[in-house]
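First the structure, in the form of structure tokens, and then the observations on it.
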Amino acid sequence: MKHGIYFFDRSIFTTAIQDFTAVIKEDPMNAQARLYRGRAYAIQQQYRNAVEDLSAALHLDPFCWLAFYHRGCILRHVDPKRALQDFSVSVLINDTQENFCSFLHRGVIYAEQSQWSFAICDFESVLALDRSVVFAYLSIGLIMLLHLDQYYKAIQLFTEAIQADPLNVRAYICRAQAYHKIHNLGDAVRDINRAIHLYPSKSQLYILRGKYLMEMKKYELSRLCIYQVSEMDEESFKSQPVQWALIQSFCQNHNKAIERICDVITVQPEPSMYVLLGKLQMKAKKTKHAMESFKMATKLMVSSGKTLPNTFEAAEMHYLIGLCYMERVNLLQARDAFSTAIRLHSTYADAFYQRGLCRMQLGQAACIQDFNQALALCPSHFQAYMSRAVYYGSKGRYSKAILNCNEALKINPNSVRAYFYRGTLKYQNKTYQVAIEDLSKTIDLNKSCVLAYYNRAVSYHQIKDFRKALKDYGILLLLELNKEIVLKVLINRGLLYVELGDYSNACEDFKEATLHSPFDSQIFQAIGVCYHRINKFEEAVRSFNQVLRLDPLSVDAYVARGNSYMENRQEPDRNQAQKDFLKALHLNPKCVKARIGLGYNLQALGKFQKAWNQFTVAIDIDPKCHAAYDGRASVCLEMGDTFAAFQDTNAALKLTTTAALLTNRGVINQFMGYLSCAMRDYQNAISVDPDYALAYFNAANIYFRNRQFSQALGYYSKALQLEPRNESAVLNRAITNTLLKNIKEAIEDFEKAVSLCPFSAAVYFNRANLFYGLKQYELADKDISTALSIQPNDALMYKFRADIRAKLGFRKEAVDDYKQAISIQEQINSM
């Protein structure tokens, strides 16, 4: 017996069994020999022999707790009920620390049978006997965590397990999961980090940490965890090839992932493996190979004896085939594949949705029925609501499309796409203010959403909020945009500047736009118009030249270039302008703008009858063209036919009421001597456009003529406020201030008139009058001399200088000036 126990303690079980067998032959009633031989048989996995020996030992010694324990261990998996009885008897005989394993094993069986309270009692009994048994802490903690939802109690137990064994990896993992349950992600990540430190080769720990970091919205760190897993030794994934392939696919190592699944398929050619292979090939953009994989999966399913109809597995294969067809833009085949998927599984919401997309791209109205069916099966199908919104939007049913966007936002309240599209729909619906609200929300969610900034800028433009529109266009140009969007932004901002009257900035935007589209004649046309508006006529001509190089048949370019030539007021330029107007009329004889331009050109050349004819033809072409009536009126006025001019101006005013036309009629009334009517027209012009300077100037002239100097002064001042470089208004105000004895203001106005028009004899003559009245004869003499140097044959100015020099005592010079004045007057009289 001692010999057998010696070999048993040294794990030489074959020799021990022989010794114990010899003892039993000699003494069949030896319970101890039966116990030891049963334990040796159990270790050598000869469970039947072991159970027989342990049962014999118990028959011989019913109080042998160790035999009950070991028999319970053997029967635990094959006969849990009998094992429970054995463990219970064992602890009944011996409930000391020596037999705590019986409590432990019985607790495990109770846990496997979901008898949680009994299991917890046994594990607590273990801890009462030995506080260092970590397994007991973990077992109670897992029951609390996984089945009783007592997360804080579970955390406490896992913490005690860690205190008992600080190097126990499982305790840290379990506590991390408990922290995750109470949304304490920071502590969960810390525990996983400790577990990784203890067990750095465990890939599952990195994956779990990546999951927790993703829930904390630390996406870069989460992605890094997956990359760390992908770089781990491939040998550690031998038992998990599918998981390794999925990780490689996530890290964009698609070829490695596909290669591994292909290796699996050679050993395990199942439909599910081919489906997984196809999905990986789709991610790798190998659509053709993916389709072959899915088709192979369907063939295997049929050949394996599985019924193809009415199974989701088969339906999914056809659904994936349909996605492949869509990727390759084979819409008819895709539609048929989705139809097959629906036939196999009639509640496949995604299949209805994808078939709806196919039908929408094919222009089939039945697509809306598929979207409706998808939503009936899955009311939270965000994409179906958005696609239905797109469909209604394409049909111009904006209100219904907006309602679908509303439903989509109920499902995903932070969807950039839904807010952006709803904002676009509201813009199309001309509800610009609410469109701006949605587009602003889009920008709040995604600061770099280029199209949201663009559409919001256009919406601001529509409601005339130019400052905010300019701000959005400016932000867009700071972002990294493609060439097409940059071009649109520059053109839109240029047009906005034009609307604001800021032609300089508009010109700069249009010039930059030409760098992105150097062959667009319309942009050069816009540049020319801007140059014309800021009085840079030579640059305008060059821009229109470029337009005509790009588009030699552009009537608008010829007309615009002709107008620019006209502004130079030189004879050669007027002749060139006439050629341009005639060329435009050759291309389009009914071009009213060209007729009007030619009319003004002929008028400037003194060919009044021909000019009158051109304006008349323009009126015949377009009887509602007020500019033609206005042009003919100016010709009539210059020809001395004031009544005809008056009639044409009235005809223009019947078509449209503008400050310029009212002012022109006022001028005609003034020519005809109807000053009160003229004043009424000027006042009406001011009421139509309070910023029209010419109306103020002409009204001031009438007040001046009627010696209403105070009123004249006010109107001259208003005219100069609107048009500070109007030298005539400055001179007239200076004279008015002189008559009102506003000497200081008069002198300031004369100085300004001199700076604006240094070669005007009238300015110096009138200032000389002022100095003469102030008895500043030397200054008066200097100004009248300057006036005579500019206009030397004026008898009145010689006579005035003679008077001044007489006051200065220069009698000889005064007499010479009187004689010169008489000589000039005699020459004039003799002519």
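Here the Cβ of each residue, glycine as well, is placed from N, Cα and C on the backbone.
As given in TrEMBL:
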REPEAT    31-64  repeat 'TPR'
REPEAT    169-202  repeat 'TPR'
REPEAT    315-348  repeat 'TPR'
REPEAT    382-415  repeat 'TPR'
REPEAT    487-520  repeat 'TPR'
REPEAT    521-554  repeat 'TPR'
REPEAT    592-625  repeat 'TPR'
REPEAT    659-692  repeat 'TPR'
REPEAT    693-726  repeat 'TPR'
REPEAT    727-760  repeat 'TPR'
REPEAT    761-794  repeat 'TPR'
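Assigned with DSSP, the residues of the repeat 'TPR' (727-760) fall into helix, strand and coil as follows: 27 helix, 0 strand, 7 coil. For the repeat 'TPR' (693-726), residue counts in helix, strand and coil come to 27 helix, 0 strand, 7 coil, using DSSP.
Beyond the repeat 'TPR' (487-520), the same-chain residues lying 6 or more positions past its ends with a Cβ under 8 Å from any Cβ of the stretch are 454, 457-458, 461, 466, 469-470, 473, 476-477, 481, 526-527, 529-531, 533-534, 550.
Residue counts for the repeat 'TPR' (521-554) under DSSP (helix as H, G, I; strand as E, B; rest coil) come to 27 helix, 0 strand, 7 coil. A Cβ distance under 8 Å defines the sequence-distant neighbours of the repeat 'TPR' (761-794), meaning residues of its chain 6+ beyond its ends; these are 727, 731, 734-735, 738, 743, 746-747, 750, 753-754, 800-801, 803-805, 807-808, 824.
Mean pLDDT for the repeat 'TPR' (659-692) in this predicted model: 91. When Cβ-Cβ distances below 8 Å are used as the criterion, the repeat 'TPR' (727-760) is approached by residues 693, 697, 700-701, 704, 709-710, 712-713, 716-717, 719-720, 766-767, 769-770, 773-774, 790 of the same chain, each at least six residues removed from its ends.
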